[in-house]
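Here's the structure, in structure tokens; my notes come after.
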Amino acid sequence: MFVRSDPQQKQHTTRLSLHIAILTAPGDLRQDKLNKEPVIIIIMSGTQSQATASSLQICRIMRPDDANIVGNVHGGTILKMIEEAGCIIGTRHCNTQSGDRCAAQLARVERTDFLYPMFIGEVAHVSAEITYASKHSVEVQVHVMSENILTGATKMTNRAALWYVPFSLKNVDNVTEVPPIKYASPGQEEEGKKRYEAQKMERLETKERNGELLMPVSAPDRTTKEPYTVGFSQSSLIHLVGPSDCTLHGFVHGGVTMKLMDEVAGIVAARHCKTNIVTASVDAINFHRKIMKGCVVTVSGRATFASNKSMEIEVFVDADPLIEAEKGKYRAVTAFFTYISLDKQGKPLPIPPMKLEGDGEQRRFEDGKMRYLQNKAKRLADKERQQ
Amino acid sequence: MFVRSDPQQKQHTTRLSLHIAILTAPGDLRQDKLNKEPVIIIIMSGTQSQATASSLQICRIMRPDDANIVGNVHGGTILKMIEEAGCIIGTRHCNTQSGDRCAAQLARVERTDFLYPMFIGEVAHVSAEITYASKHSVEVQVHVMSENILTGATKMTNRAALWYVPFSLKNVDNVTEVPPIKYASPGQEEEGKKRYEAQKMERLETKERNGELLMPVSAPDRTTKEPYTVGFSQSSLIHLVGPSDCTLHGFVHGGVTMKLMDEVAGIVAARHCKTNIVTASVDAINFHRKIMKGCVVTVSGRATFASNKSMEIEVFVDADPLIEAEKGKYRAVTAFFTYISLDKQGKPLPIPPMKLEGDGEQRRFEDGKMRYLQNKAKRLADKERQQ
Amino acid sequence: MFVRSDPQQKQHTTRLSLHIAILTAPGDLRQDKLNKEPVIIIIMSGTQSQATASSLQICRIMRPDDANIVGNVHGGTILKMIEEAGCIIGTRHCNTQSGDRCAAQLARVERTDFLYPMFIGEVAHVSAEITYASKHSVEVQVHVMSENILTGATKMTNRAALWYVPFSLKNVDNVTEVPPIKYASPGQEEEGKKRYEAQKMERLETKERNGELLMPVSAPDRTTKEPYTVGFSQSSLIHLVGPSDCTLHGFVHGGVTMKLMDEVAGIVAARHCKTNIVTASVDAINFHRKIMKGCVVTVSGRATFASNKSMEIEVFVDADPLIEAEKGKYRAVTAFFTYISLDKQGKPLPIPPMKLEGDGEQRRFEDGKMRYLQNKAKRLADKERQQ
């Protein structure tokens, strides 16, 4: 089953002997032993499956960061593992013939059901196999099992089917050809072809639906805004507080909050300048209220002031206790970040002037200018005092 | 050399490490200044200080994920390290006397300048020292140096001052008392007190300003929305694509995108249900276009349909090439996620009915109902076929 | 093929995979039984092997953050994956009999050689098997293969042996009994017992050596130190233990500790050599005491020996319970890491000779030289035996 056509045969044998070396104690690798037990090769397939081109297994322990507060592993964690397995096996298969080196790009995931929850501390086992190959795509079927290593209980939690399309690494717009696979029976190939045709049809349909929906949803509608206005670069992100964001006692580390603030402010600055921007300074930040585990944090930034050399961005952090909603949303932190814009050699570039709209923006610009001038004066005074 | 039995000497060092930090700034190196200080000071320089309660050093190599595409370390990465050092040293100090165990909570960061950029592969050294203690707060001063371990070049990139307030672990609303520290001179205590008073004043002022600004900025304004409407739970996040999100060839892994989609959809579901929600299924997802390194990804979700047992959330992924802005923003993926709501024992809870507003929401609800019924019928058919 | 709705069929598969587990131990091979099973089932065994108690495989793509700037995967990344596999398989095995639920805690890693470098974009395959069980410990042997999924090239990059000791989850100070394993031959059990006795002896010896060294190593003031001295390259880092560093039961994963150790040792080596350095080997590491959640970990490294081709770095790990300070700081682990220096083409460069200062450094250098010569002799003997 795992034996492939001639060019691969040699490789196959090499891989196998390696594996036998692995499975037997060192020094136990004897050619005569191997010859006496040809069957062992088939048996090994269980543990050496990584070396075969058509199947793969990934597993790891579920950590606190993979789950929500009550310990349920996020569906997204599972989907990410599934895709990692598919990407490895797809890329591996598409490179088993001569020609351009290529990478397998995810084109579609079929409907996926989460049959059972998975929990922190369990081991997720993801097994992937290539089950169909068309001229330009491969189907990878994936199974996910959860294993409780304390009780030994295992459950199949997911089944998924993914379609990958290989593109050439020399020319990323060039889709390469997929090597054929061997099927257990003609019927299996037939069924694969049916799945292939069905998904192709559906992909075309969605493409159209997507076209229709191209307007943004809830995000700030930058497309209708003029460049260099506050509205154009304004950005916000939400972050679900995870265990690693918190102290042992369940409060978000101030440093985590500041990192998110810098991330948003940096996006605002990059949207305004469209260059490499770097943080130049942060004004004093006050942390008014603690942010608890289980909150969703919304971090929003907007440009307030720009001189020729730097721009100032105001950042707001709002905490929203998702489940204990009666506690209400509250503002936890605000701050001003200042960015400068750099060219490819790291030399400062001028900041595009802001286009102000409305009284609020004008007022905030004046306030920002004041802070800018005060800081400038303070820097000069410090310099003089040091001399 | 490293024994610090004399408390005065220890404090003395504190003051001095500042000197040395200043001197490391290139161009500011004056031999005469150095000669005035006893040699011992230079050796102490706060680097071995992790053993003492009142100073600490953290260092680590800057990794690709700490920086932007051109290799500049994010200001947020530095701020996070600074705060980690402050949190450790603050918590340690506040637990040096008997009484309730406590944790130090960040209350304020003074204005921070980023003097020089730091790059991937350099080592960031963060040194923190407690420089003032009031009855209920400690001031931690932090210095950050970058070290190029290949050339040996070092630069001081940041100085920061942070204020921490300890709270009791038994009762997190209870602020505990801070043990006193020894000062090198009465003058030092005096200066610390001035800084303490100044920041206290400023904190009060900002509190007021913040009150005024409590309306949300660019985020979807959930506060004005009625619960259970689409607008109320609608959410979106932005994510700056980092190196670990991408394949070697600079394209975002499909699995990374799906994880972000599940994160947003989960927040929408939690905002609607206010319970523990888990992913039940994902409809087929098509990946229309690759997402490149250097993009900002906006992931938005909105409720489309709710039955008694589950709710469906539509998720959109838009990619925005930040720097090569001429390429334009584009929709990369869309999908439908289905969630169920669980009680504390993991048993299903009913989903609150959606309040629909407008024709669009009504139409999407009907479409969602269709998908729901089709899936239900398909499941039943599968079951029968298997029996 | 993948539909498993029929409970009987599922059962069947499970039973089979068990068979295969048994069969993978040579000697227990029954041709007749195998032939009765349809071929298709044998294929599944590949994807099912996670269900067997005595072997396990982990794999994942190496990402930018797993490697240094020139793309060499850190030895610490590999050590962490090795330990994750060992922890899963060890914990799983120790829970295969009735009695208290328990977790397997890393007690020791035997000397590990890094045979070939691994690079970003390659897939690391880690295979682990339980190879010996004493009353209170299990030996896990691990092999690591690198796979270039573009070219299909695979290499065995590491072999490691780890010892785990199970502790009861009800009472973490209580070591539980290990279920026996089946050996392929009495000779295999005998050899395992020899390895067990040898490591037991060595563990006792190191315990004493460690006690002696409890004073902090402490980091450097490198600016006053001459290049190539021990003081010049000496380094230390501090890490606040987070949730993702720990097992469900609140103890730091051995792999997390080893990754930090490799990070510090790598910085020491880079400071000394100022080139691209890679981990060549790690001497046996003993984990004397568990590190608890809520600790601050200080990891310090100093050069002890340099030959022309490699340098040895001693690493200390000290744990400091931040809040429960009365428990006192303690030394948790010590180890010797060996690094080699590479030029831009990946070819070995000579190591700059060390400048020794004082008797301590001289003594440690002699000890290091002894270890170096012993390892060299052992390698030669192994080579000859294999011919």
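Every residue, even glycine, has its Cβ placed from backbone N, Cα and C.
Model, not experiment: these values are computed from the prediction.
DSSP gives A:ASN68 (active site) a coil state; it is part of no helix or strand. The feature active site is assigned by TrEMBL to A:ASN68 (among others).
As annotated by TrEMBL, active site applies to A:ASP262 (among others). Reduced to three states, the DSSP call for A:ASP262 (active site) is helix. There are 26 other Cβ atoms within 10 Å of the Cβ belonging to A:ASP262 (active site).
Looking just at the domain 'HotDog ACOT-type' (A:52-170), the mean pLDDT is 90. If you look up TrEMBL, you'll see A:52-170 (among others) marked as domain 'HotDog ACOT-type'.
Among the features that TrEMBL reports, domain 'HotDog ACOT-type' is placed at A:231-345 (among others). Across the domain 'HotDog ACOT-type' (A:231-345), the DSSP tally of helix, strand and coil residues reads 29 helix, 56 strand, 30 coil.
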**Study point:** Residues near A:ASN68 (active site) in space but at least six apart in sequence (CB under 8 A)
**Key:** A:HIS74
Review point. Which residue counts does DSSP give the domain 'HotDog ACOT-type' (A:52-170) for helix, strand and coil?
Key: 23 helix, 58 strand, 38 coil
